[in-house]
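Feature annotations, reproduced from TrEMBL:
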BINDING   A:HIS90, A:ASP92, A:GLU111, A:HIS128  Fe cation binding site
BINDING   A:CYS96, A:CYS99, A:CYS136, A:CYS139  Zn(2+) binding site
Number of protein chains: 2
Amino acid sequence: MRQLLERIDREILTGGGKRSRSRAAVIERFFLERHHVTIEELTRSVRESAPRVGAVTVYRTLKLLERLGYAKELDFGEGAKRYESNLASHHDHLVCRKCGTVIEFENRDIEKLQERVTRRHGFQPTSHRLEIYGFCRKCAPGKAAEEVRCPR
Amino acid sequence: MRQLLERIDREILTGGGKRSRSRAAVIERFFLERHHVTIEELTRSVRESAPRVGAVTVYRTLKLLERLGYAKELDFGEGAKRYESNLASHHDHLVCRKCGTVIEFENRDIEKLQERVTRRHGFQPTSHRLEIYGFCRKCAPGKAAEEVRCPR
DNA sequence: ATGATGATGAAATTCAATTTCATAATATTC
DNA sequence: GAATATTATGAAATTGAATTTCATCATCAT
Ligand SMILES: [Mn+2]
Ligand SMILES: [Mn+2]
Ligand SMILES: [Zn+2]
Ligand SMILES: [Zn+2]
């Protein structure tokens with residue numbers, strides 16, 4: 001952890017940036033988070049230990065971490081984006097539409113097939129997103145309130 | 001086409017709705033679109049034949065078509081959402097980060113593997129989204145302006 | 001035609017995200 | 001250890017897509 005923070009600090013320095021307490025607070029909290037967090041959630045968390053940090057700094061710091069390759073931006077269609085550490089290996093997500101639980105999975109076969117698809121189209125892939133929406137074990141009762149068709 | 005429009009009209013009627021000229025104009029234009037359109041693009045298109053139609057009606061009509069199962073909402077992270085007809089069979093997308101070209105593909109093997117993944121997690125899937133971002137054949141020169149690391 | 005209810009669209013509102021800008025913090029130079 | 005230069009901060013303002021409001025219009029049933 002210490003190692004990581006120092007390494008990021010060094011990268012920022014190298015890039016012409018300066019150290020900052022607020023940013024350090026955001027970065028530390030971010031990597032302590034267990035789940036995929038929104039800016040709002042992370043801001044609340046940061047303020048427990050550094051109450052004066054503004055949400056704008058959280059926005060800026062996460063964009064920075066993303067540019068440096070340490071964070072990943074996610075969008076589960078909730079309105080606000082979520083972020084996760086990009087230190088672990090690549091994975092995709094199962095998102096429960098009822099309770100919001102997110103299950104992570106990794107499937108090399110799917111990734112292989114994706115590569116084949118892109119090759120077939122002369123497409124040079126740089127990233128992808130695969131999200132499967134539905135109901136998790138807890139939230140999948142016999143019949144969920146599925147398709148209610150109504151014009152309004 | 002005529003068939004489709006009448007069928008949708010009937011469904012709306014059944015659901016307690018009424019016919020409307022503005023909405024009909026939006027629906028007709030929508031199904032004539034070849035590409036994935038934003039609300040703004042579709043509104044411009046609609047106004048060529050029905051100049052008084054407001055953007056709000058386009059928003060509302062697309063939400064309606066989505067609820068009825070005739071349209072699909074897409075989000076390629078551009079800020080504005082895109083919509084496509086849901087009449088054709090399911091497919092996923094390759095999105096060029098440079099020129100914006102969208103290539104559609106269909107891969108039964110990937111879908112099968114997805115089902116296996118969800119089953120393994122006791123997850124009941126209702127939909128998914130798979131998008132692969134990168135550079136299309138035209139836009140993939142030896143080295144694209146890939147990773148420029150800079151703290152700001 | 002009349003009345004009831006749905007649909008419309010301009011304007012107002014919402015809300016995440018970004019920009020602005022005066023001030024504060026940090027690095028560099030002497 | 002100042003003085004100076006440059007970056008970072010955060011409150012407030014701004015943006016922009018999407019939604020809501022509401023007075024008015026259109027459509028349907030009687
Ligand atoms: Mn994850
Ligand atoms: Mn498509
Ligand atoms: Zn759930
Ligand atoms: Zn391209």
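Placement of Cβ uses the backbone N, Cα and C atoms for every residue, glycine included.
Within 8 Å of the Cβ centroid of the Fe cation site, not counting the listed residues A:HIS90, A:ASP92, A:GLU111, A:HIS128, the chain contributes A:HIS91, A:GLU106, A:ASN107, A:ILE110, A:GLN114, A:ARG129, A:LEU130. For the pair A:CYS139 (Zn(2+) binding site) and A:HIS128 (Fe cation binding site), the Cα-Cα distance reads 27 Å. In sequence order, the binding-site residues near chain B, meaning those of A:HIS90, A:CYS99, A:GLU111, A:HIS128, A:CYS136 whose CB lies under 8 Å from a CB of that chain, are A:HIS128, A:CYS136. For A:HIS128 (Fe cation binding site), other Cβ atoms within 10 Å of its Cβ number 20. Excluding A:CYS96, A:CYS99, A:CYS136, A:CYS139, which define the Zn(2+) site, the same chain contributes A:ARG97, A:LYS98, A:GLY100, A:THR101, A:PHE135, A:ARG137, A:LYS138, A:ALA140 within 8 Å (Cβ to the Cβ centroid), listed in sequence order. Looking at A:ASP92 (Fe cation binding site) and A:CYS136 (Zn(2+) binding site), their Cα atoms lie 15 Å from each other.
Listed in sequence order, A:LEU94, A:CYS96, A:LYS98, A:CYS99, A:THR101, A:ILE103 are the same-chain residues at least 6 apart in sequence whose CB falls under 8 Å from the CB of A:CYS136 (Zn(2+) binding site). Close to ligand 3, meaning a Cβ under 6 Å from one of its atoms, are these of the binding-site residues A:CYS99, A:GLU111, A:CYS136, A:CYS139: A:CYS99, A:CYS136, A:CYS139. All protein chains included, A:CYS99 (Zn(2+) binding site) registers 10 other Cβ atoms within 10 Å of its own Cβ. Take the binding-site residues A:CYS96, A:CYS139: by the count of other Cβ atoms within 10 Å of each Cβ, the lowest one is A:CYS139.
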